[in-house]
Structure formats: structure tokens, C-alpha cells
Amino acid sequence: MLPSIAKHAASHQINPLKKHGQNFIFDSSLCDKIIRASNISENSKVIEIGPGVGGLTRSILHKNPKSLTVIEIDERCIPLLNEIQGYYPNLNIIKQDVLKINLTDLIYDKVTVISNLPYHIGTELVIRLLKEAKLITNMILMLQKEVVERICAMPSTKAYGRLSVICQIVAKVEKCFDVAPTAFYPHPKVYSAIVKIIPLENPPSIALINKVEQITKLVFAGRRKMIKSSLRNLVPNIHEVLTQLKINNNDRAENLTPKDYLRIAMQL
């Protein structure tokens, strides 16, 4: 029988490292609550990014998925994860930096992605995962609360921006619940939150997502400027394009919907 999460980590003398952005969760009931939001079943194939000392890993395995592949950069955690694997043969362990992995080499069928993401790579990794949306059933991600609010933000709100647009052209997004700093060791300075991201049945192509990235980078750099001014260098006939799409030339970045940005990208 496995010891508690905290005792297991202590037995391997694993303390959180700042360079990996580690904040461990030792509360198994919180881990179970997070995994319940994923709706995984015995037929699910799951990828967990950054399992650390295995809190979420255990809760996933209790659901008895068809397979669970964990990707961990910290070699100190591998022996601990190997011990968990001894009880759960459906667990596969990859020691690698997820940012250096070609995810398409790992995913051969629809998967659920679960992660307590380090804050410093959260946004970058979310966008990378969105570009593989056709291979993903859903994602349950723990991120900084502010980032989750940006992902879920509606047009004409303060939090609405590039990340909101990119996420919402690819997927349905839903904030599940907040997680207090006291749930982690060590305590971060800010709240976290759980977000559920469910890719659309027919998400945009990677090429189209890249175009939306390019457009939103320009317009949200000057979010109070009119769209026609922000995009003039990228799209010389921007006035005609916006008029054709029935988008007000005088609108600002925060006024356009994700669908509006997708429609503009399709004209490039």
C-alpha cells in the first residue's frame, strides 16, 4: 500500500524546486475533486503534464483509465512515480521537458490532458495544446486564477485579450473552481483556478490559429486603438475587409468577438 502523498514525497526527500515552478498538492480530497471535473472513465486515455509527487496521478489512476502517460522533467520524481507504477501497470512515465516534446508523437488517439501547470509555462503550453485540439477530448488545467479569468473572459471586459480569443476559437471553456494558496506546498502568492477546456468538434487549423495569434498580437498591443488602425500594416485593405464582414471599422480590440477574429483571419 502506498503511503500518503506527503509521506511518499518525504521518503524520497523531494522538496519543491523554484526553477521548475513546483507547488505540490498533498490534499488527496482536492486531487479527487479536480479529477472528477475531467469525467474520465475506464475507456479514457490520459496524459498528465508535470505529475511531481503524484497527487493528481493517484486520483487519475483510481478512476482506472485505459492508460495514463505522465510527463515529468524532474528526475528526482521518477523513482517515486516508478513506485506508483508498481501498483498501476497502466501508468507510463516519460522523463522529459514537455516544451521539448512533439505531442503528436505521443498521441495516437483522443486523450484527456490533466495538469497542475507551473505558472511560468502555463500560457505557452495552453496555446501549444490548443493547436493539437483534434487529438484532445478535453483538458483540465490548474493555472493562476488571473490566467483562467483571461481564458474565460467575454468581449468588452478588462480581462478579455489574446488568450481569450485564441482559446475560444478552438474550444468551449469553463472555470470550475478556485484553489486557495494554502492548498499548496509551498504556498504561492496568488490564487489558482481549475479550467475545463473542451475542443470544438471541428476546430480551426493550426495555420488559421497562427493567423489569429498574429492579428491579436497587433490589436491587443494597442487595445484602445481602432481595429482599422492596428491592422493597417498587416492588411492594407482592412477597411474593405471589415466592411465586407460587417465589422465596425471604429471598433477596438476588446469589442470584437473571437468569431470576428476568426473571420478576419480567414480573409488573410
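Placement of Cβ uses the backbone N, Cα and C atoms for every residue, glycine included.
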Record-annotated S-adenosyl-L-methionine site (Swiss-Prot): member among Asn39, Asn116, Asn138 besides Asn23, Ile25, Gly50, Glu72, Asp97: Asn116
Binding-site residues (Glu72, Asp97), the one with most neighbouring Cβ atoms at 10 Å: Glu72
Tertiary neighbours of Gly50 (S-adenosyl-L-methionine binding site) (same chain, Cβ under 8 Å, six or more apart): Ile71, Glu72, Ile73, Val98, Ser115, Asn116, Leu117, Pro118
List of residues, in chain order, with Cβ under 8 A from that of Asn23 (S-adenosyl-L-methionine binding site) and at least 6 apart: Pro16, Asn116, Phe184, Tyr185, Pro186, His187, Pro188
Cβ-Cβ neighbours of Asn116 (S-adenosyl-L-methionine binding site) (radius 10 Å): 27
Neighbourhood of Ile25 (S-adenosyl-L-methionine binding site) by C-beta distance under 8 A, where only residues 6 or more apart in the same chain count: Ile5, Cys31, Gly55, Leu56, Asn116, Ala183, Phe184, Tyr185
Largest inter-residue Cα distance among Asn23, Ile25, Gly50, Glu72, Asp97, Asn116 [record-listed S-adenosyl-L-methionine binders, Å]: 20
